[in-house]
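Read through the structure below, which is laid out as structure tokens, and then see the notes.
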Amino acid sequence: MMLVPLITVTVVAGTILVCYILYICRKKIRTVYNDNKIIMTKLKKIKSSNSSKSSKSTDSESDWEDHCSAMEQNNDVDNISRNEILDDDSFAGSLIWDNESNVMAPSTEHIYDSVAGSTLLINNDRNEQTIYQNTTVVINETETVEVLNEDTKQNPNYSSNPFVNYNKTSICSKSNPFITELNNKFSENNPFRRAHSDDYLNKQEQDHEHDDIESSVVSLV
């Protein structure tokens, strides 16, 4: 008889204690629940994005496979057409009609020859092959090319060669140090010309006099 009221008292006391504990921890329970809810929503979004990406990847793979298959088909068609062209035995199949009378034959030359060279034309009426080549300027060997030397007359105002005397009749300009003077008077202001002494010049004059005397003696003999 005593056990029944004891059990009821313990049950009531336990429920009250549990309710009190839950009341105290209600804030923590709410925060945990909210955090779990947020985590679940994020997981759902990640799963949905992964599923969409997987679908897009499968679509892109299928598109790539379709593109590759289309390229292979085009290559097969090109190979077939090339084989048909190569297997063609008739030479007329590879000719190009320029107009009604002339037929242009396929060029067997190198690409550089075709750029700088000629084109072969076949005339159907005369059955003759004529090569039309680009005109080039050729200098004949008989033609003489004037060379710029000392004898050529040039405009002194436009003399470009400092080593050539374009005016032999007049005295050379002092501004050009590379042209030798015709007389024996050497300029002192020109550092490039060799300065001869008076003894050297007198010696040259004496040599000329001796040469004149010897020539006169020889003529008398």
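Start at 1 and count along the chain as shown; that gives each residue its number.
Cβ from N, Cα, C; glycine included.
Keep in mind that this is a model prediction, so the values were computed, not measured.
For the annotation phosphotyrosine, the record in Swiss-Prot points to Y132 among the listed residues Y132, Y158, Y200.
Comparing Y33, Y112 with the features listed in Swiss-Prot, the residue bearing the annotation phosphotyrosine is Y112.
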